[in-house]
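**Q** Quick one: this structure, given as structure tokens, is what I'll be asking you about.
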Amino acid sequence: MSEWFEMVVWGCLVINCLSILFLLYRAIAGPSNPDRAVALDTIGINLIAITGIIAIILDSIHLNDVILLIGILTFIATVAIAKFLEKGDIIERDRD
Amino acid sequence: MLHYYILAPFLAAAIFPFIYSDSRRLHAGWFVLPVPVVLFIILLQKLSVLISGDTIMQTVRWIPSLDVNLDFYLDGLSMLFVLLITGIGSLVVFYSIYYLDRTEQLKQFYVYLLLFMGSMLGVVLSDNVFVLYTFWEFTSISSFLLIGFWYKRKRSAYGAQKSMLITVMGGLSLLAGLIILTNITDTTSIRGMIAAQEDILNSGLFIPALLLVMTGAFTKSAQFPFHTWLPDAMEAPTPVSAYLHSATMVKAGLYLTARFSLIFSGTDAFFLLVTGIGLITLCAGSFLAVKQTDLKGVLAYSTISQLGMIMAMLGFGTGGAVLAAIFHIFNHATFKGSLFMVAGIVDHETGTRDIRRLGGLMSLMPVSATLAFIAAFSMAGVPLPILNGFLSKEMFFTASLKISQTTSLASAFADFVPFLAVFGSIFTFVYSMYLVFGTFSGKGNVKDLPKKPHEAPKGMLAAPAILVILVIIIGLMPNLISGSLLAPATEAVTGEKALVHLKFWHGVNIPLYMSLAVVIAGTLLFITLKKWQPLYGRIPSYASADRFYNGLLSVLTNGSKQLTNGYMTGSLRLYTMIILAFLTGAAGWFLWRTGGFAFSTSDLAPVTIPELIIGAVMLIAAIASVFMTHRIAAILVVGVVGYGLSLLFVFFRAPDLALTQLVVETITVGLFLLCFKHLPKLWPLNKTAGEKFFDLIVSLSTGTILTLIAISAHSSKWFDTISHYFVETSYTLGGGKNIVNVILVDMRGLDTLFEITVLGLAAIGIYIMIKLRTKGD
């Protein structure tokens, strides 16, 4: 890796981490639960980014599974939270 | 052979219920009667062995590894007691045949009685201290059963419980004393301990051992201040009172004192304890006996005081005093047994035992009255040549004048002893007279009695009559038993050959004056009884041992109740707090004491800025989650901590952990959301500032201690890690490149198996909780 490339990579990593820190402010401060849900979802996306950057730093392919999984899970979690906020329930009973 | 004698009552108790139910025509007692009679006759024949100076020793192995064997030993002292147990046992069984109605639960009664008889024989014949203790507790239990024979009566249950608690307390203290003695002497045999007396006297544990053993003896023999169970034990059927609580069981403590006196006697402590307690018991018991209005109550306190007198004599430490004690043990069994039986007859024929309601029965029940008068005069020590009680009382006075003054304390106290002896005897005289004259003489209001009194059947009178005849025979010819029974017994207690010759007339000497003084003062006091008896009402009630016992019992039960209610509040918060506080305190104290805290910076990895930021994010989120006021908000903020953790796993190159952590975190959030539908909104916990502060202290200290432990654990590595083994062999042995997975399923597969089991159980548990819940929950 060239020196410039490495600087950029570390810079991105720090920026992403700071972004999580700011998102944390939103997650804690609220003011409403949808705000927090979106903050958590975005934290998930930042996780994807950070994991990817770390994979580059470590020069490893073993974290690729993690990236995909975070993508799926944050989606599922966000949908679940959204459904809960909307309907007050996640799994509805059959009504037949 | 000795083993069979002890086994016989137990065997009879086991077989008897089966035999009895087959033939109900005869009273159950007839089936039981042969056991003590045959034992008595057999044991009487052994007397020749003892007279010739021999003893009988027999052993059966029981627990040889612990040196606990069924060693039984028959010497003069044991002989006296086995004859009392079987002899009076026969009479009591005979008496009970007439006393107890066929409608009573006779099966239980005789089974308990036989159990008691066997265990009492075991107590007096055992040479092994732990076997002795075993039988000792057997007597407590069978006595408990017999006192509570009429278990539907409240007083019976109370008396049984009281005697059980007090005697078992003493029994446990005896066990502790015996264990100390066994440790000092390295033997479990009483005779071995006597041989090793020097070791015991020189040991630092001598005083504790003495106190513990004597506490056992005092509780069993109803000595002050443990006497309080005996009057309440009078709720038992009268044959039981006559047998257990006058002739046999209450003398087990005297037996123990006599048996161990070769070990303990000659010391200040033994003299002070035994004589002191004995004299206090003698005076207090005889003084309080006059206060009683119940026939059996008088007899109970009288038993207490007579036992105190014997106990005091055992403490005097001279051969003459021991002889007097042994003689009085025998005499007391005869006259007290007969008095109890007469009291039972009076109760049986009139329906009451209250002396205030009784009176003037002499003409209606002449035989009972005669028996009672002779026995009571004997108890009072009236100087008549036909009463054995007078002889032993005279010997008591003689002994009290000649206390062994080998120790300094004994000589200091010796001058007081005769006065106390006379004081106790005066009241003995008063209550004896009060007992018989109050019941049998005077006018009496016969019509007011619950039953129309008449003379008891001959069978009922036979047993007390035999005992009273014994009183007279021993009174007339004391040397009939002196050489055969008393001499070997005295020899067993003092360890020296005893020359015993009893005679009625010693000439005019100080003991005779003391006896006369007792009679004169006693008569005067008895005549003026009505005038000074109200004084008893002035005795403050808080001074009674009974009140102390009840108070202690309620303090103990209420205290433990309050203690338990104090911390078992049902509040999980409190329990968690206690657990955490204890954990923190114990771990902190232990680490501090052992110097376990260590802090080393030699082995630290470099920290990058992203890691620091993520750490800060998790820290802030964790702290913030505590202050969330909404459930969803709280779970979302906790979710940030979970995601941060998975990111740390990524930083630290653990992709498998990161994967698992992500999935679990997401599922947990989902599960929480599932539950939230059924939960109310978070409500503010109305805690005071003090509670909050305490919570903060506990949580901060728990966190601190865990952090310190983690740092210390990292800073003090005692061994190299074994991970390089997994790195090297995961592919060659496990066939996989993912070391974590190889460890999970190959190297440490068993853990995985059980974690799978845990998950399965959790799933089944959840299913059961949801499906099988009862309606309305």
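Cβ from N, Cα, C; glycine included.
When I checked TrEMBL for this same protein, it listed these features:
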DOMAIN    B:63-110  domain 'NADH-Ubiquinone oxidoreductase (complex I) chain 5 N-terminal'
TRANSMEM  B:72-97  transmembrane segment
DOMAIN    B:126-409  domain 'NADH:quinone oxidoreductase/Mrp antiporter transmembrane'
TRANSMEM  B:131-151  transmembrane segment
TRANSMEM  B:163-180  transmembrane segment
TRANSMEM  B:269-290  transmembrane segment
TRANSMEM  B:310-330  transmembrane segment
TRANSMEM  B:416-440  transmembrane segment
TRANSMEM  B:461-481  transmembrane segment
TRANSMEM  B:510-529  transmembrane segment
TRANSMEM  B:572-592  transmembrane segment
DOMAIN    B:617-681  domain 'MrpA C-terminal/MbhD'
TRANSMEM  B:634-652  transmembrane segment
TRANSMEM  B:658-676  transmembrane segment
DOMAIN    B:694-771  domain 'MrpA C-terminal/MbhE'
TRANSMEM  B:752-770  transmembrane segment
**Q** Quick one: find which recorded stretch in B:131-151, B:269-290, B:461-481, B:510-529 has the most Cβ pairs under 8 Å with the transmembrane segment (B:72-97).
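**A** Comparing B:131-151, B:269-290, B:461-481, B:510-529 against the transmembrane segment (B:72-97), the winner is B:461-481.
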**Q** Have the transmembrane segment (B:269-290) and the transmembrane segment (B:416-440) got at least three CB pairs under 8 Å, pairs 6 or more apart in sequence?
**A** yes
**Q** Restricting attention to the domain 'NADH-Ubiquinone oxidoreductase (complex I) chain 5 N-terminal' (B:63-110), give the mean pLDDT.
**A** 88
**Q** Check the transmembrane segment (B:461-481) against each of B:131-151, B:310-330, B:416-440, B:510-529, B:752-770 and return whichever range has the most CB pairs under 8 Å.
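**A** Stretch with maximum Cβ contacts: B:310-330.
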**Q** For the transmembrane segment (B:510-529), find every same-chain residue at least 6 residues outside the stretch whose CB is under 8 Å from a CB in it, and list them.
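**A** Answer is 290, 380-383, 390, 393-394, 397-398, 401, 418, 421-422, 425-430, 433-434, 437.
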**Q** Mind tallying the domain 'NADH-Ubiquinone oxidoreductase (complex I) chain 5 N-terminal' (B:63-110) by DSSP state, helix then strand then coil?
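**A** Counting residues by DSSP class gives 32 helix, 8 strand, 8 coil.
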